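Chemist: Okay, handing you the structure first.
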Ligand SMILES: Cc1cc2nc3c(=O)[nH]c(=O)nc-3n(C[C@H](O)[C@H](O)[C@H](O)COP(=O)(O)OP(=O)(O)OC[C@H]3O[C@@H](n4cnc5c(N)ncnc54)[C@H](O)[C@@H]3O)c2cc1C
């Protein structure tokens, strides 16, 4: 029989609970109704601040398509729970509906605490908890105007970071004598105050907010502090702690914890056996937890009870934290304040470098109890799992850079490596040893480790190496170098042939992995034609015949149609060619016409006709720029704000023929409606009222990913410069067959790092990248014309050397819907391994 | 066995392959870096397509190889055996230089 579970609150923990329940409830014993007061389905609140730094609400969403279409889950947004009737087991919603339940889970989270100082509710006062809060803050923030954040804890600093990002002159008021008083001790706090101050934020420690003043229109215009300071300000953001949202408790007769929250036992059950509470609103044996990981373990506990899987209890929580604020690392773990009897503290402070580290040890100095790291939290990932365990080496060795830190080998098997998802070292090594994963991405999928805050990723890498899984960058058995290293070698030495390269820097005679890579690098560095001399033999078949091989050994032909704009005359030529050679014709997703079924020996004749009609190679066969797709833009569209077609043509003509580690797709949309789907491309350009936004790293196909904002509101010239740099940097540094999305994820520092290189030129290579692109554009020639004008190259386009005109007898077609298609092959086809190239 | 002329030696550059209309479905003839000559069947046994001659020539652990362009299966040029799937093999043919030409032998 199906029972009904009502979940109140669609936040991070409520959602995790439903996801876990649905993935394990194989018999479908529960129907779930979830009430969400916010307008958005569950999103990543931990990552909330990135909403001001390029991420969209969709990027932050935690909800998959399957969730929305799951017939056993009913999501009601913009709907709060107003009352609980325990006797009749019903919940009344804010819109008056009455829902019956068999089980009720409260997951209402917290509300920001707003101190009741005079003026706290004036217009211009905000809190920092939801997407809606951030929308208002963004709208009202004025660059270079002052803003005050009340509270210098973890969340306060996030809010301060946000105002700083929005360009405001930011003040942080903290009652305690130092920032982050809960996590960081006095010494660490001083270093932190200084580091944050150095970044241009004004820290006011040891001061309380006394009054908030209004101007004549009744808006915030100043704040006075207990030490008499008066700060002029446009905006006040309260971030002085949170309070559990337990307002449903009293009327329902549910007990509350001493400091608020629905009081529950260690199974997360309230006094009513049909009602549980999880996440920040739950007071587990009286204690509330303000982090997401404990909430996730509560969700796990409740799921097991709902599905009768066992008698799991909430194991208590690790309140360790690590964060990077304004580029400053801060971490605290275990007994950071040395509250344990007899605890010893070992402190290393380096004022010059601005780093502070403290370990808290047991009275015999043998067991690690906790610690604080400020300025450099590199040791956090290895130290945190050692809490309450014997130290593997001396404290100096663990902390000082020269000591080399802890190796993962020293960790006991049951040490928790990923505390967000509660994954132990043994869980991870088990997966590695069973050969279920051979890289970090695989470990993430199999164990969930590293998928939340990511601080344990370096440990995952160490564990892989320690278990003998080499994460070797060697291209293949012939080269120990990675693609990026070979690029540097070829660029520096000026070598122009594979033979010379493999003789001097490799071994053997090469293979289908290294040869195309070297061919691509030579092309990127300006070799005249990809089929010149020895290079022809390095190319994959598609490049070798400048067409795309299909399943029966014939090829498809895709001429360039820049931006997808085509005259009727040219369209007719395509139709005529297709008809003359009997080619199957299809429109592609990149706004091209694809002609299929051409035999090798037909390719030159077909292309002669196309070139004569003004077409050129479309590089659909190459690891190169494929297409720049566009919408119609201002010329025709009623909504367009910029001329997307002209822009797309300009981009396509600039980057055509550029050889890269993998194919490159692009899109240009003339307004935010995004009809060109630019955010699913390697680079996407979207018009704004002020200019153009540039997005990078999107991907469709196997691993869909939205492109992320690299820079906003650019004029045309600046846009081209940034794309030049982005593409050249990718061409030079990415791995073989690595799309831009995977490349960005693999960069240490990810998008931030990319932005610093491309936008801020942190490596000082921008001019070099730009001139390389200028050279590429200047030297571009059409590859197909290059073949048609060269008898030597043309001579290779034959079916058989000894019978150049005889069609290959293995090629046979049948008909379907009025066009040809390859005839089914009669062979018993053995299982065929799939190529790595599965992405779109 | 009878020898069939395929092309001039000049028409077959080192580390390159050509297809020849011979036997049932054609042969793929390759010249390796040290001017070694090899001939194998042109039809990829995994897809049934006549594409082996268009594969990339190289070596694996010193064994001269060609990689099928269809799904990248690697075959030994000496024995025809698929190194990734040893139960599958291409037929092999004798091949030689003769008076500036390349010839393949068929029985
Ligand atoms: C800026 C910021 C940064 C953070 N950084 C970190 C971090 O680095 N690490 C970390 O571990 N944690 C962090 N947190 C805390 C983390 O977000 C919370 O611990 C987590 O979201 C708790 O999940 P929850 O489901 O309990 O509550 P929430 O995610 O708050 O969800 C509760 C939901 O219930 C809804 N609701 C409330 N009452 C009702 C009702 N009566 N009816 C219907 N719906 C209702 C609310 O509107 C809300 O959507 C951060 C929080 C913020 C705001």
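Backbone N, Cα and C atoms are what each Cβ position is placed from, and that goes for glycine too.
Feature annotation from TrEMBL assigns [4Fe-4S] cluster binding site to A:631, A:637, A:671, A:675. Among the features that TrEMBL reports, siroheme binding site is placed at A:675. Residues or ranges marked as domain 'FAD/NAD(P)-binding' in TrEMBL: A:5-282. Per TrEMBL, domain 'NADH-rubredoxin oxidoreductase C-terminal' is recorded for A:320-389. According to TrEMBL, the domain 'BFD-like [2Fe-2S]-binding' annotation covers A:416-466. According to TrEMBL, the feature domain 'Nitrite/Sulfite reductase ferredoxin-like' maps to A:550-612. The domain 'Nitrite/sulphite reductase 4Fe-4S' feature in TrEMBL is assigned to A:622-761.
Tell me about the setting of these features in this model.
Modeler: A simple way to gauge crowding: the CB of residue A:675 ([4Fe-4S] cluster binding site) has 18 other CB atoms within 10 angstroms, across all the protein chains here.
Across the residues of the domain 'FAD/NAD(P)-binding' (A:5-282), the predicted structure has a mean pLDDT of 93.
For the domain 'NADH-rubredoxin oxidoreductase C-terminal' (A:320-389), the DSSP-based tally of helix, strand and coil residues reads 7 helix, 35 strand, 28 coil.
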Chemist: If you count other CB atoms within 10 A of each CB, which of A:631, A:637, A:671 wins among these binding-site residues?
Modeler: A:631
Chemist: Among the recorded stretches A:5-282, A:416-466, A:550-612, which has the greatest number of Cβ pairs closer than 8 Å to the domain 'NADH-rubredoxin oxidoreductase C-terminal' (A:320-389)?
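Modeler: Result: A:5-282.
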